[in-house]
Structures are given as C-alpha cells and as structure tokens.
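> Okay, these came from TrEMBL:
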type	residues	note
BINDING	12, 14, 252	Mg(2+) binding site
ACT_SITE	12	active site, nucleophile
ACT_SITE	14	active site, proton donor
C-alpha cells in the first residue's frame, strides 16, 4: 500500500519506560514531597540492579564481552552480522574459543556468534532461561515495583501496546515480522524502537525483566553509549524512512530532546512529578497523536482516541 502511514515511536528506557536510576538516587520519591518511602525505592532499585547484572553475566555474556574485553559494546545486535558465517553453534564452546583483543575479523566473528545467541535468547524469553524459583522472585519484584510507582511499569507497557495497535484497544492489530504491527482498522504500520544510553547487553536484559520484549524486538534496541543518540536516530531514519513515515521520540533527557530537534521530529518529555500528565500513568495515545500532528499535520491520524 503506497499511501500506508508508518509511525515509529522512539523510546528512551530509564525514567521513561522503566524507573531505576530515580529509585536508586531517591529523585522519584523526592518528587512526592515525603509521601513516598525513599529508602524502599532505593532497596527496590538495588534488587533490580542485582538481577540485571546477574542475568547479563550468567546468560548473555556481559562479563566476558564488555567487562573483561574493552570496547566490545555495540550499538545494536546486528552491527556485526556481516561477520557471522552462520556456523552451527549448538555445540560451540564460548568459554574456549579464544575470544579476546585485538578486534580483528576473527574476533568480530566470535562476537557476532555471541550476538546471535543473545538474539535467540531474547526471542525465547526469560521463561526459557530462568528456573521457576527465579521466575517467582522476578514476578514478585515486578509487582512490588509497579505498586510502589503507582502503576508506572504496567501503564507504560499498556501505552506501548496501544502505540503498536494504533488504537486504545491493542487487540485490533496484526503482528508481523521484525517487531512491526499493522493496524487492522487503518492498514497503518506501527513500530516501537528503544534508544538507551546504557550499554547494549544490560539494556536487552532490562527489556526482558521489565516485560517489554514482546513489544520491542531485539532488532529495534539501540545503545547510544558510544555513538550518541543523534547517530542512533539517524540510523533509525535511514532504516525506516519513506515519504509516509512519521517519527516521534519520547524520553526524559536533554540528549534525546536535542537529537529529536536536530531530526525535526516531535519530542515528548517525560516528567517524574506526580502532577504531570507526561508520565506513567498519565501519558496517553491521544497525547502522542497530538505531538505527531504538530509536526506532520493531522489529515488521517491513527492516534486519536475516537
């Protein structure tokens, strides 16, 4: 369909889709002027940190790839795909393959193998990685965090679902390959993309732990750690752009704001303060549609809550 509109939603992670840094440093509780137990927030944040690092190290090569060997963080999992020769990795021993500096073609291939395994584990989900005891711990921590933050996690996730559907009813859509959704009602395409300042592997693990993995595919997770958000935004534009593509960035920081301005994209600034409408719960599909219409006009907006 030549006139099909594609909406690309470009999300920040920390203090946008999830809360972590603001729990650890107490700024989330401070915004409530004494109504929130700041120490409880810190304790919740520390538990998340522990699980993120543990799972990153135990199942996603984080210690080996990024801590023991410098400069191995990549901006996205497909960055080294050209070095992957497709070798069967079912009996491959990642502990004995000699992966190390320098970053020559041989070691880039070994890193590409690791990225392939990470992508497969992401697609399979945590229920295929963690045992039942750990799953129960994770589930309890998610519920505790969502309760402490008045539903921030679940409402952010709900808006991601609505964005993909282009409708407040996320069932009115068909999922297609690559984390893209086509709305049954309009034929439009909707894509969630994550651009985070964190390093890539822990960011993918955060997506899994915070239940975002079925709403943001691994191909659509970008780390701006080394390259900056503007570069990531430029890559996203090159990847998805056509004359009917519309982009909107959502985040809490100055870097994504400046990058969106440089790209002439609408930007929605997330605000932790409880009286703000640009937070979770609070931010709605109607608001996102309003920001789209400011830049792109509103002749056939799919994002109004009719």
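Here the Cβ of each residue, glycine as well, is placed from N, Cα and C on the backbone.
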> Among the binding-site residues 12, 14, 252, point out the residue whose Cβ has the most other Cβ atoms within 10 Å, with all shown protein chains included in the count.
12
> When you average the Cβ positions of 12, 14, 252 for the Mg(2+) site, which other residues in that chain have a Cβ within 8 Å of that mean position?
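Not counting the recorded site residues, we get 13, 15, 16, 17, 196, 251, 253, 256, 270.
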